[in-house]
């Protein structure tokens, strides 16, 4: 079991830079009502954290694609508490960020291998990657513990990634969650990910889950 990541710029920005997106910047989004002017555009991905014990319904008008859809590169999550790293993998494997990963970084090699692999092979690729495990551990928080137990526990908070597809010509945005049945394709958008349509999907999830424990960050590059 891995230790969970925090959904904060202080954790995710250096992590992204370490895995090969040298000019990545990460910003907190504290409100869904107004799009902050201080966030540089374009925004290439959003990472949303919510309580996984809640009931998350598929947004009206969206559809679940096959796990091995060629529109996006989707990774299954099989390691407890690995959702933060899976979310980052989804971000850098799709949309504009996939074209910004350093060619010499091991993540670029992992992405290439994953694209030619079955879903089961992708899961094993992540499970067997000592480099990825070490990177996650370097940026993870302290172990979660239950009083009276020495065992680590699985967090209830879960990361999902909103990002565009692999092709520059694909204007749909996608919801990528390694615990679900596959990638979710949403509507086409004309702008970047910091968009009213995308925020509407996130608002829908917040309203459907009775909990204050949510966080949202935007990933940008110059």
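Even glycines carry a Cβ here, placed using N, Cα and C.
The structure displayed is predicted, hence computed values, not measured ones.
Positions annotated as domain 'UCH catalytic' by Swiss-Prot: 1-221.
Among the features that Swiss-Prot reports, site 'Transition state stabilizer' is placed at 77. The DSSP secondary structure for residue 77 (site 'Transition state stabilizer') is coil.
For 83, the entry in Swiss-Prot reads active site, nucleophile. In three-state terms derived from DSSP, residue 83 (active site, nucleophile) belongs to a helical segment.
Note: residue 158 (active site, proton donor) has non-local neighbours 49, 50, 51, 52, 83, 177, 179, i.e. same-chain residues 6+ apart with C-beta under 8 A of its own C-beta. According to Swiss-Prot, the feature active site, proton donor maps to 158, an assignment based on sequence analysis.
Per Swiss-Prot, site 'Important for enzyme activity' is recorded for 177. Of all Cβ atoms in the shown protein chains, 23 besides its own fall within 10 Å of the Cβ of residue 177 (site 'Important for enzyme activity').
Local packing around the recorded positions 77, 83 was summarised as the count of other Cβ atoms within 10 Å of each Cβ; on this measure the leading residue is 83.
The average per-residue pLDDT of the prediction over the domain 'UCH catalytic' (1-221) is 91, rounded to a whole number.
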